[in-house]
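Here's what TrEMBL has on this protein:
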TRANSMEM  B:6-27  transmembrane segment
TRANSMEM  B:34-51  transmembrane segment
TRANSMEM  B:63-87  transmembrane segment
TRANSMEM  B:99-118  transmembrane segment
TRANSMEM  B:146-163  transmembrane segment
TRANSMEM  B:191-215  transmembrane segment
TRANSMEM  B:227-255  transmembrane segment
TRANSMEM  B:262-280  transmembrane segment
Amino acid sequence: MTSSPPSRDAATVGAGPTARPTAPVLLVRDLQAHVAGQQVVEHVDLQVAPTGVTALLGRNGVGKTSTIKAVMGLIGRSGTIELDGEDISTLPTFRIAGRGVGYVPEDREVFSGLTVTENLRLAERRGSEHRYDLVYELFPELEQRGAQAAGTLSGGQQQMVSLARALLNDNRVLLIDEPTKGLAPRLVTEVAEALARAAEVAPVLLVEQNLQVVRDLARHVVVLTDGRSVHHGDASDFLDDPVATQRLLGVHGGTDPAGAA
Amino acid sequence: MSTVVLLLITGVGLGAIYFLVASGLSLIYGLMGVLNFAHGVFLTFGAFLGWEVAARMGATTWAGFAASLLVGALAGAVFAALTERFLVQRLYERHIEQVLITVGLALAVVALFDGIWGTDARFISGPPWMSRTTTIAGANVPNDRFVAIVLAVVVLVAIVLFLQRTRYGMIIRAGVENRSMVTALGIDVRTAFTLIFTIGGAAAGLGGVLASHAFGYVSPMLGQTLLIFAFIVTVIGGLGSLTGAAIASVLVAVLQQFANYYWGYGDFAVVVLLAVVVLTRPSGLMGKKVTA
Ligand SMILES: Nc1ncnc2c1ncn2[C@@H]1O[C@H](COP(=O)(O)OP(=O)(O)OP(=O)(O)O)[C@@H](O)[C@H]1O
Ligand SMILES: [Mg+2]
């Protein structure tokens, strides 16, 4: 149950003799996953760098969300999943989270019948520091609206609750699925700033359709098509390659954020 | 007028017993997605052990009655906790199997009760005051109904406070809404599962003792009979909703009393109500969330 005491200096952390300063915090190899008997992830390899943001990209329905859910143990999966060199591919979800995997799901999934404060208190993990100062600094609205039922918040505010739940604890890695989906431009900026701060605290695997946000935040990209990872590399190299972005994402690189609906 | 008052109060008294059974059923389904067919045997077990204890301590004494309530609740709680821990939890997330095992357990345990206590009903007596009546607006209402109503309200308030004021209560409310997100926050919901079974079992065991006084007997099938109505109440109230269960319990029981008296088909009226609610509001009166 106890997670190893996380350190902010990710480069020196890493359990086991194989840990190297550049070793990925999360390593996924030959991942397969299925939902309702249907295979939704065929073969995904990916690594989350020990610092900064790694973006997981791909067109709609290629399996980005399923990949993240498979890592969290929320759907049936097989293959290698290592956190700091330790196998987590057979652990139940609550133990994966307990080892320091923060999860911000695609549809926010705040508990609508609970207040904002209760949503945050529920997220407090034992054995972890609880960074209310950081959370309320990033999202002062959450402090003001503490007593409000989360179900009555706007979509943007719910996204803040969802991000705050993950940022509250010391995590080894954050899995964040489309945090800017459906948000007004001003809120996209606000969330992007919060993500930049989050990435200072823990490495992030980010699914994001807004390529301008990807360009601003991500250092590495992994691209999926049809349940397979088909491209790994440097984020700006990829985004600057109009042929690759057109082929794999169906849009021109980050120069055209409007194409990233 | 006095007939209406009598039907109303005895209806609410019956509703109190329904609620004690339905509250656990509803929370168990809401949190775990399991229709617990073994819930009736928790009740019967509570009723039998309560009766045994009261008989030993003196069935007509208040001490004996109080002890029977306590033992009934405890028996229901322990039986439920063991059921969850050793049968239901083994089949984690396999809902069909979980339901089947509760059906099997119910059948087996009823047969076991038949073996221990016999198939005939045991007639119950309590403190003399319980079987006397109090006159309200011309109606002579049996006193045991008031006891049932008061205790059901106490249970309702206690569960609401538990859900609202404790961390486990918060986990249960969140889990009824979205269990997988609760686990994704690092919480082992299995503890909450055992807890909700235990609480539901305690309420059912208490309900068993009160039911045996209200009906005047206890038999191995007591729980099974009540379980059917408790399921109906749970569906009408909205699976997972405690408040819904409370409202629907009273609604169903009062309707049943009136329809029985004026028409003779109380059970049929309840089924009609069920059909109307299911067709017009498929998620029940209070939908799927704990709104306590
Ligand atoms: N519950 C389910 N039942 C059946 N198929 C599913 C289910 N969930 C996902 N899928 C299928 O799995 C595939 C991958 O879905 P997934 O949500 O992982 O894609 P995604 O890359 O996150 O898409 P988006 O960009 O639209 O969020 C899709 O074809 C989807 O239809
Ligand atoms: Mg998705």
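Backbone N, Cα and C define each Cβ position, glycine as well.
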Selected stretch (most C-beta pairs under 8 A with the transmembrane segment (B:34-51)) from B:6-27, B:63-87, B:146-163, B:191-215: B:191-215
Leading contact stretch, B:63-87, B:99-118, B:146-163, B:227-255, B:262-280 vs the transmembrane segment (B:191-215) - CB distance under 8 Å: B:63-87
Positions on the same chain near the transmembrane segment (B:99-118), where near means CB under 8 A and six or more residues out: 34-41, 44-45, 48, 83, 87-88, 91, 219-221, 224
Sequence-remote partners of the transmembrane segment (B:227-255) [C-beta within less than 8 Å, at least six residues beyond its ends]: 7-8, 11-19, 21-23, 25-27, 29-31, 35, 37, 39-40, 43, 156, 159-160, 163, 176, 266, 269-271, 273-274, 277-278, 283-292
Other parts of the chain folded back onto the transmembrane segment (B:146-163), taken as Cβ under 8 Å at six or more residues beyond its ends: 12-13, 15-17, 19-20, 23, 27, 69, 130, 134, 169-170, 172-173, 199, 203, 206-207, 210, 213-214, 242, 246, 290, 292
